[in-house]
Amino acid sequence: MNGLYDEVKIALHSVWRQRWLALGVAWAVALLGWLVIALIPNSYESTARVQVQNQSMLSDTMGISPNDQQGDIDRVRSALLSAANLRKVVLGSGMAAVGADDGTIDGHISTLRDAVTVKALPDNMFEISARISAGGNSDAHNAVLARRVVEQLVTIFSTENVMGGREEAGETLTFLNQELARRAAQLSEAEARRVAFQQKYMGLLPGVGSFEQRAEQKRAELSQVETELVSAQSALAAMGGQLASTPATIAAPYYGGGGAVGGARGRLSALEGQLSEAMARGLTDQHPDVIALRSQITRTRSDVAREPASGGGGAGTVQNPAYASIRSLQADRQGTVSGLSQRRAALQAEIGSLSSRQASEPSVAAEQDRLNRGYDVLKTQYDKLLADREQVQLRADVSTKTDAVRVQVMDPPSAPQVPVAPKRPLLLAGILVVALGAGAGVAFARGQLTTTYPTAGKLASATGLPVLGSVSEVVTPAQQSVRRKHTLRFAGGVAGLVGCFLLLMTIEFIQRGLVA
């Protein structure tokens, strides 16, 4: 620890011996640094905050989603720094004198593009700031200019958000109307060519659609007719089976002496009629109603067998109503089968005719397909443009007749009173510290280049010989007076350096007060 203390004392003694060199270097570095800092112009920044409010209820109803509105706002924010808008700012804020040439204005635009910042904040808030540091202007003028620039930017931002959407909608409508007129003319020409072609080849054309489309349509219809025909034939076969198992006549009901209908025979006739009707409706033998009717018929037939014949002789026969009903249904099924068969034959003939015409005139079919495709493409494009035009018209009405976007200035452009850059007080103090350090460093380096022996130990280490002792310097009163004067002069030099620093700090704060 004592060795380190001795080394520090030796270093300080070395610097002290070269103190005039250290003071000169410190003055040179400080003056040079302060001069460089003085040449840096102050930058003044003005800031404003605006909020964009969207009318979401009506916009959503008209198909304008919040994402679309946010996209429009983002586009306006990006366009705010365009050359056209910055030119308005340069001329409106007074950055360029009236009548300035384009080169001067373009230079201000380039400078302004780097000086302006538009930052997005939560809740649709935007912060617009501008930092002005024109070297040829005073600090007060730069502060006022920064506020004017932000005022112009806020005005343009509000105007573009409110009017930009309307202008864009108007331009879009104009473009869509022109395109619709052009597509309508093309569609009319395509329709005229198609009509002329159909009139020329009326006997060979299949009608609406191409040969392939008509043939495919007929094949699908033929498949459906064949399915219905198979179902009708199955129903007709079932009717034939039921008719074969149903007697054409049945025994006449028995009338007793009082003219009443025989009980068992009457019930049997009624049950058989119900069974025939159930079978005619398509019920199968496994249906519960059919099973119940057959069971009742079996029991009733036993009752009929036990019923004695009386009165005026045996009973006669009458036509079976169930047989007549099944016969009528069978006739209907036969008519359906006949009609479906004729329809199938007609469809097969049409398909054959289409195939033969396509084979005999392939170029006509190909030309018709080409005309139809061209017309369909134009019609689809026209319908899409028409729908787009209506959508844009609605959006334009929303933007024009309502406040779809409302811009509110939350914080007006601030009037800067303190420069944001450079941090001149901090830089002045830093230059002073660097100057003192540079002076001490140069003095220490110069001392290391000169061979001295500040202590007996250093002399012993350098010579390798033992040092018996050391004699302190004897200073006369005259020498003390001279040294005191030198010390006062050195202190005055250091005080002058510190005084220059304090003077520069005072000037800096006075200039800030003038801006305020």
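Every residue, even glycine, has its Cβ placed from backbone N, Cα and C.
Note that TrEMBL annotation is computational and uncurated.
Going by TrEMBL, these are the annotated features:
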DOMAIN    14-89  domain 'Polysaccharide chain length determinant N-terminal'
TRANSMEM  20-40  transmembrane segment
COILED    173-235  coiled coil
REGION    299-320  region 'Disordered'
DOMAIN    370-446  domain 'Tyrosine-protein kinase G-rich'
TRANSMEM  426-445  transmembrane segment
TRANSMEM  490-510  transmembrane segment
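For the domain 'Tyrosine-protein kinase G-rich' (370-446), the DSSP-based tally of helix, strand and coil residues reads 55 helix, 8 strand, 14 coil. Sequence-distant contacts of the transmembrane segment (20-40) (same chain, six or more residues past either end, CB-CB distance under 8 Å): 422, 424, 427-428, 431-432, 434-436, 438-440, 442-443, 446, 490, 493-494, 497, 500-501, 504.
Confidence in the coiled coil (173-235), given as mean pLDDT, stands at 78.
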